[in-house]
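S.K.: In case it's useful when we look at the structure, here is the feature table from Swiss-Prot:
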BINDING   THR314, LYS345, THR346, GLY352, PHE403, ASN404, LYS405  1D-myo-inositol 4-phosphate binding site
CARBOHYD  ASN10  N-linked glycosylation site
CARBOHYD  ASN11  N-linked glycosylation site
CARBOHYD  ASN24  N-linked glycosylation site
MOTIF     396-400  motif 'NPxxY motif'
TOPO_DOM  1-38  topological domain 'Extracellular'
TOPO_DOM  99-107  topological domain 'Extracellular'
TOPO_DOM  175-193  topological domain 'Extracellular'
TOPO_DOM  371-378  topological domain 'Extracellular'
Amino acid sequence: MDVLSPGQGNNTTSPPAPFETGGNTTGISDVTVSYQVITSLLLGTLIFCAVLGNACVVAAIALERSLQNVANYLIGSLAVTDLMVSVLVLPMAALYQVLNKWTLGQVTCDLFIALDVLCCTSSILHLCAIALDRYWAITDPIDYVNKRTPRRAAALISLTWLIGFLISIPPMLGWRTPEDRSDPDACTISKDHGYTIYSTFGAFYIPLLLMLVLYGRIFRAARFRIRKTVKKVEKTGADTRHGASPAPQPKKSVNGESGSRNWRLGVESKAGGALCANGAVRQGDDGAALEVIEVHRVGNSKEHLPLPSEAGPTPCAPASFERKNERNAEAKRKMALARERKTVKTLGIIMGTFILCWLPFFIVALVLPFCESSCHMPTLLGAIINWLGYSNSLLNPVIYAYFNKDFQNAFKKIIKCKFCRQ
């Protein structure tokens with residue numbers, strides 16, 4: 001959003017830079033060629049990478065069937081929105097930045113501001129929609145499977161655009177101050193105090209609060225599940241050390257398949273190990289008592305499960321079996337803790353990037369209209385803040401897609417042109 005225009009917040013005659021206020025009389029001739037070249041290269045690279053990154057995400061979802069699910073539809077819609085920012089908004093913003101003045105006329109300025117606010121607001125609200133979808137998926141996984149439909153995704157996407165439209169249109173209908181159009185060389189968003197509060201809270205502060213709450217609850221739910229798994233693993237290890245093997249869990253088969261199965265149980269004796277018949281336990285060569293049942297699934301496969309013996313305090317499992325279970329329990333505990341660290345890292349990257357890109361911009365956008373006569377915005381700082389917000393459209397596909405292995409595989413296919421051959 002181009003709330004901070006070249007020249008805003010600075011009425012001095014200091015050397016021109018991207019962010020001096022309206023009323024600034026500097027023209028194209030006052031901007032050095034080196035500034036124009038360097039700025040053009042930097043902003044051109046940012047725009048090119050943003051277009052390429054978001055286009056690849058859209059192409060990956062369109063071409064790879066495994067990526068066509070509700071969660072990725074939201075990511076794809078975010079990529080389309082950021083692609084619109086990159087194609088419709090950033091080129092005009094870059095031209096404005098390089099020339100240090102608006103040269104495209106008032107009508108184009110109004111259209112530019114409306115597109116800017118609409119697309120950037122929709123992009124931010126897409127992040128809320130993704131957070132909401134993830135929150136429902138992790139806190140209500142059973143019921144949400146049936147509710148997580150393309151229709152629901154379409155409703156969330158439509159809502160992001162509706163809110164963006166309601167925030168971007170009012171200035172075109174007159175919710176602005178007369179001073180907003182007083183300088184033909186400047187193109188800024190409405191500085192009306194009421195609209196400033198309405199737009200900044202609707203486009204950023206309320207979505208930010210919502211995302212903090214949602215991701216906070218997602219983290220707590222994920223941590224609860226992970227630590228529950230750790231406790232279960234530790235209990236399993238303790239039971240093994242005290243001579244009790246964990247009973248098979250319902251709805252889980254020996255060979256890892258899920259769902260209900262018909263089982264047939266029979267006792268089998270194995271030479272050199274635990275010798276069992278008709279529920280009686282005999283001592284094996286290693287001195288350990290181990291009852292072994294043979295589990296036959298209706299089909300061809302069979303497995304042998306050690307069960308706790310009822311023949312006194314003799315350990316159920318050989319020492320090697322116990323050590324193996326302890327190693328497995330420790331490995332599972334480490335994996336669970338690693339998942340928790342990964343969850344913290346992922347959520348930190350998502351929220352950290354969003355806040356880093358947009359918070360400085362919206363602080364200035366909220367404060368500046370209320371103290372325009374007394375506030376001074378350094379020109380270079382203003383440019384950095386403005387383009388830091390725009391750069392979120394470049395970083396979104398990296399965070400939400402490129403770290404995903406399924407997307408990585410699809411990108412490799414695109415690069416190798418496998419879809420072309422298909």
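Using N, Cα and C of the backbone, Cβ positions are placed for all residues, glycine too.
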S.K.: Under DSSP, is ASN404 (1D-myo-inositol 4-phosphate binding site) helix, strand or coil?
M.R.: coil
S.K.: Around the Cβ of PHE403 (1D-myo-inositol 4-phosphate binding site), how many other Cβ atoms lie within 10 Å? Please give the count over every shown protein chain.
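M.R.: Neighbour count, Cβ to Cβ under the 10 Å cut-off: 11.
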S.K.: Within the topological domain 'Extracellular' (371-378), how many residues are helix, strand or coil going by DSSP?
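M.R.: In the topological domain 'Extracellular' (371-378), the DSSP-based counts are 0 helix, 0 strand, 8 coil.
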S.K.: Which residue counts does DSSP give the topological domain 'Extracellular' (175-193) for helix, strand and coil?
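M.R.: Across the topological domain 'Extracellular' (175-193), DSSP assigns the residues as follows: 5 helix, 0 strand, 14 coil.
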S.K.: Check the topological domain 'Extracellular' (99-107) for me and report the mean pLDDT.
M.R.: 91
